[in-house]
Amino acid sequence: RGFGDRGGRGGGRGGRGGFQEPDPPEQVTLCGTFMKAAEGELVYACPIPGMVPRFNAFVYTKDKAKIGKTEEILGNVKDVMFSVKPERGVQPESINEGDELYISPTQMGPTTHFTNPPKPRGRGGRGGGRGGDRGGRGGFGDRGGRGGFGDRGGRGGFDRG
């Protein structure tokens, strides 16, 4: 379908920009002690009670050399561990048990993030989200048949009669 000379649909406007943390960060805080390497990843114990590193956060040595990215959070709330996917060039064999790992303080979060997930917001009264149920366009709904615009709203417009 053409749009004539109406100018088309407008281009994408890019994703969410926002704050980008410097790499390496200006400050780092202790987030883990090395336990072992497993299946190409590094497993660390989190020594800070009540806190866990965020997913996909970069982690560093004390002198801010990048080690990798946090992958998964493991264990229970009182005994938190996490895995790190090492950066290219980081050899798991070169890390010793007890070696400390550091992270930007902004990349640590409370364990309550896992234990008390936020309650989903209701859709409110009328309206709801964008592009909700606007009429049948295929598939076979629970009313059988291919139903045109039936009683589900459908398209507005004018009355020809």
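Glycine residues also receive a Cβ, built from the backbone N, Cα and C atoms like all the rest.
According to TrEMBL, the protein carries these features:
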COMPBIAS  9-18  compositional bias 'Gly residues'
COMPBIAS  104-115  compositional bias 'Polar residues'
COMPBIAS  137-151  compositional bias 'Gly residues'
COMPBIAS  152-161  compositional bias 'Basic and acidic residues'
REGION    1-26  region 'Disordered'
REGION    88-161  region 'Disordered'
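Residues 21, 25, 27-29, 31, 48, 50-54, 57-58, 73, 77, 80 of the same chain sit 6 or more residues outside the compositional bias 'Polar residues' (104-115) yet have a Cβ under 8 Å from a Cβ within it. The residues of the compositional bias 'Polar residues' (104-115), classed with DSSP into helix (H, G, I), strand (E, B) and coil, number 7 helix, 3 strand, 2 coil.
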